[in-house]
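Here the structure is laid out as structure tokens; the discussion comes afterwards.
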Amino acid sequence: MTQKYLFIDRDGTLISEPPEDFQVDRFDKLAFEPQVIPALLKLQQEGYKLVMITNQDGLGTDSLPQEAFDGPHNLMMQIFASQGVNFEEVLICPHFPGDNCACRKPKTQLVLPWLEEGVLDKSHSYVIGDRATDLELADNMGITGLRYDRETLDWPTICEQLTRSDRYAHVERITKETQVDVKVWLDREGGSKIHTGVGFFDHMLDQIATHGGFRMEVNVGGDLYIDDHHTVEDTGLALGEALKLALGDKRGINRFGFVLPMDECLARCALDISGRPHLEYKADFTYQRVGDLSTEMVEHFFRSLSYTMAVTLHLKTKGKNDHHRVESLFKAFGRTLRQAIRVQGDALPSSKGVL
């Protein structure tokens, strides 16, 4: 059985990196990053194993004598251990960049044992560090990199991201007309992959994911040689079901969302993740198609989605350009969905006790 790991940089991530020489070679230079110990304790409780991996330029040379390094490093390790933070391994590259060694990050020689088959849970393992080389190491290992920063991605934030439930769902819908495969990750952004065979529809689905702040993968094979009806309808049904499943018991979600974005088009969207499917829709189009998408299928898509997602959805748009009118509906729905699915606690947002 594979194991989830965190491969964590030392200087600038676990402990502060002295700006004058970037070396922790005296005891008075040793300072821990804010909240690092509580975060690591929580991450261990969630099943992560910890590996420290660090480049220490010229370790063992006059540039960084071994004895100068060992004192602060050993004290750091003793403090971590005394608080219950345990590292499975400490991996150190002692070379200078110009040595062209095989073990310096972002090269992978030091982590080869974890890259063997059946060791690493790559979907739930991460490299955490403050430099671009840490992210490159993650890419080389085939896992996700997180760039630590006190202001934008500090230890409490990293801990929250890695310990919250991964709201994910996978739905397959196979009929005589279509084969639809949908995956959604509500707590991950970017990297959506969408292919329905209808190019403009792909673009619209990407608007939902982008403005909704989540990731989805959609693959559809259908009877487009007839028209786009079954492809759009069944994609809406499958996506709605996937969103409903990914939301789980809905505890902590905002439940409601409302947006009124005004650009060339005025689009209105109100959403209630109510458990009751209903659609109110108002949009008029000049032409029968936008790109390769039938404009009449826009309403049908949202009706199908609201039915399987079991939500109450109100959509309305006004404007002069059909392309922009259609896009405004998908964009407004995405922004509204972002509000409604956001988790802000653990209470069920219903006086009835059920959604």
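Keep in mind that glycine also has a Cβ here, set from the backbone N, Cα and C atoms.
The annotation region 'Histidinol-phosphatase' is assigned in Swiss-Prot to 1-166.
Look at Swiss-Prot and you will find ASP9 tagged as active site, nucleophile, backed by sequence analysis. Residue environment of ASP9 (active site, nucleophile) contains 24 other Cβ atoms, counted within 10 Å of its Cβ in all protein chains.
When secondary structure is read from DSSP and collapsed to three states, ASP130 (Mg(2+) binding site) falls in the coil class. Sequence annotations record features per position, and here Swiss-Prot assigns Mg(2+) binding site to ASP9, ASP11, ASP130 based on sequence analysis.
Sequence-distant neighbours of ASP11 (Mg(2+) binding site): residues of the same chain at least 6 apart with a C-beta under 8 Å from its C-beta are GLU17, PHE22, VAL24, THR54. Annotation comment: Swiss-Prot describes ASP11 as active site, proton donor.
Residues or ranges marked as Zn(2+) binding site by Swiss-Prot: CYS93, HIS95, CYS101, CYS103. According to DSSP, CYS101 (Zn(2+) binding site) is assigned to coil rather than to any helix or strand. Same-chain residues at least 6 positions away in sequence with a Cβ under 8 Å from that of CYS101 (Zn(2+) binding site) are, in sequence order, CYS93, HIS95, LYS107.
Taken from Swiss-Prot, the feature region 'Imidazoleglycerol-phosphate dehydratase' covers 167-355, and the record attributes it to sequence analysis. Regional average pLDDT for the region 'Imidazoleglycerol-phosphate dehydratase' (167-355) in the model is 92.
Surrounding the centroid of the Cβ atoms of ASP9, ASP11, ASP130, where the record places Mg(2+), the chain contributes additional residues within 8 Å, namely ARG10, GLY12, THR13, LEU14, GLU17, THR54, GLY129, ARG131, ASP134, TYR148. The Cβ of ASP130 (Mg(2+) binding site) lies under 8 Å from the Cβ of ASP9, GLY12, THR13, GLU17, ARG147, TYR148, ASP149, each of these being in the same chain and 6 or more residues away along the sequence.
Counted within 10 Å of its Cβ, the other Cβ atoms near CYS93 (Zn(2+) binding site) come to 20, all protein chains included.
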